[in-house]
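S.K.: Let me begin by handing over the structure; questions about it come next.
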Amino acid sequence: MARFIFITGGVVSSLGKGLMAASLAALLQARGYRVRIRKFDPYLNVDPGTMSPYQHGEVYVTDDGAETDLDLGHYERFTGVAARQSDNVTSGRIYQGIIAKERRGDYLGATVQVVPHVTDAIKDFARAETDDLDFVLCEIGGTVGDIESLPFIEAIRQLKNEVGRDNAISVHVTLVPYIAAAGELKTKPTQHSVRELASLGVQPDILLCRCEKPLPDSERAKIALFCNVRKEAVIPALDADSIYSVPVQYHGEGLDSEVLRAFGILDAPAPDLTAWYDIMDRKQHPEGEVTIGVVGKYVSLPDAYKSLNEALVHGGMAHRVKVNIRWLDAEMFERDEDLVANLEPLHGILVPGGFGERGSEGKIASVRFARERNVPFFGICLGMQMACIEAARNTSGIANASSTEFGPTDEPVVGLITEWMSAEGLQKRGANTDLGGTMRLGAYDAKLSPNSHVASVYGTNEISERHRHRYEVNGAYRERLEKGGLVFSGMSPDGMLPEIVERPDHPWFIGVQFHPELKSKPFDPHPLFAGFIEAAVKQSRLV
């Protein structure tokens, strides 16, 4: 039977519960335990797929096509366990399912209520597919005291009673703020947060206290006294210089040992943290550095490109170099700001995924700069589409080339995908289809051209990558684009959908329709990012 670890947050949001869950799971995994992490999101959206990146940050896509919270990216990067649809649920999805059952008459005339119907659905989600696991970590989004999270808190209260106190514990993440004027850390917010959680029937077993200054032993004792936990269960969590040092830091503070003790496990094997020490060494002791420009639409909020940021860091780790990222708003190149001055110092240019016309001409201008100046270029999703439009206009003589996403065009080099094959069979979409959950989502296979650059990067001719798009490069333009030097080096297995383009006459110019950043991990950098950074290192010696 799996044991459950419920992770809540108090005082303020953005305390890093997701990172804490990922780190704890990694520590348990390092001791030989089988783990899985799940996220409960209290918002009423069915999933984050239609939410603005400025509201939510990145949408993380799983192999099975789920659009999920960005925390699942942390979970997967830290544990190597592929996330799936059953690992993320929202209030909206739960209510959608319950209302559908009510309309079908499944409840046989009963009054449908938050308790038991909503709470039972939450518990079913937590317990699903856990027979082969040792630990299931469940992170509850939001902050204790929020109205939206009350059904989730009630559900974990019930679940703790149902599985037994020896099989479920609660870890509460709080803030211990430092008041500079007083020169003190203040524990009162933590006390009040724990009191609020306890009033809902959940007594924390362990407190993880986020703080910017070391937590004195006297303050740990004070928190333990007023929050009804052992002093050893009050774990300080100082700000870290890198997220990749957090697992080792938490182990040093005794988090994993205290969790095991709470379960009565006193003979657990010692953790093997060799891989984490190696990652820390590569991150903290680089042997060089490169500067990568990311020309995007949502650059004012880096969380919108969270996996991309981390994948670039992983590429740097592979070659022991520090990757400096310059976030460049594509729109500034449409306002006649100096393109050369902004792009010339860069060792590589990356155009990431996105939606809509805004900033598209700036991205196309960046692609042209990279092509003409022989600067390593990496285009992802929309970035590949921009590379194809740039090629059509400037090397294939198709002056009016554009995307139907941006409006009517006589030369639709990029257009809406209307049909494709998925694991569920033939998928069909139209211009009036609902936006939510209707894109080409999840893992799809692709075949690479033998002897192509991208095949040498991967070391194979067959790959599987995750997608999230509803527009695709129009295969009818392939011949003209290839005559202009842009080669289609990766296609869907049926040969219908372009997946990868490259320029053989360029030092490193690759565009991909998928999102390789979603599969990159610190101990297993994605080959495309490792290759891109390697090319940037070579470029840095030329600048």
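Using the three backbone atoms N, Cα and C, a Cβ is placed for every residue, glycine included.
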S.K.: Taking Lys101, Lys222, Lys231 as the options, which does Swiss-Prot list with Ser13, Asp146, Ile147, Glu148, Lys186, Thr187, Lys188, Pro189, Thr190, Gln191 at the CTP site?
M.R.: Lys222
S.K.: Look at the L-glutamine binding annotation in Swiss-Prot, where Tyr54, Gly354, Leu382, Gly383, Met384, Gln385, Arg470 are given, and name the residue from Glu76, Glu331, Glu405, Glu411 listed for that site too.
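M.R.: Among Glu76, Glu331, Glu405, Glu411, only Glu405 appears alongside Tyr54, Gly354, Leu382, Gly383, Met384, Gln385, Arg470 as L-glutamine-binding in Swiss-Prot.
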S.K.: If Swiss-Prot gives Ser14, Leu15, Gly16, Lys17, Gly18, Leu19 as binding ATP, which of Asp71, Asp87, Asp106, Asp120 does it give for that site as well?
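M.R.: Swiss-Prot names Asp71 for this ATP site.
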S.K.: Other than its own, how many Cβ atoms are within 10 Å of the Cβ belonging to Tyr54 (L-glutamine binding site)?
M.R.: 11
S.K.: In terms of DSSP three-state secondary structure, what is the assignment for Glu405 (L-glutamine binding site)?
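M.R.: Looking at the DSSP assignment, Glu405 (L-glutamine binding site) belongs to a helix.
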S.K.: Lys188 (UTP binding site) to Ile147 (CTP binding site): how many Å between their Cα atoms?
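M.R.: Rounded to the nearest whole number, the Cα-Cα distance is 22 Å.
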S.K.: Just to verify a number: CA distance, Glu405 (L-glutamine binding site) to His515 (active site), in angstrom, no decimals.
M.R.: 19
S.K.: Checking the spread of the UTP site as listed (Ser13, Lys186, Thr187, Lys188, Pro189, Thr190, Gln191, Lys222): what is the longest Cα-Cα distance, in whole Å?
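M.R.: Output for UTP binders Ser13, Lys186, Thr187, Lys188, Pro189, Thr190, Gln191, Lys222: max Cα distance 23 Å.
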S.K.: When DSSP is mapped onto helix/strand/coil, what comes out for Ser14 (ATP binding site)?
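M.R.: In the DSSP reduction, Ser14 (ATP binding site) maps to coil.
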S.K.: Near Gly18 (ATP binding site) in space, meaning Cα within 10 angstroms, which of the binding-site residues do we find among Glu139, Leu382, Gly383, Gln385?
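M.R.: Neighbours among binding-site residues, in sequence order: Glu139.
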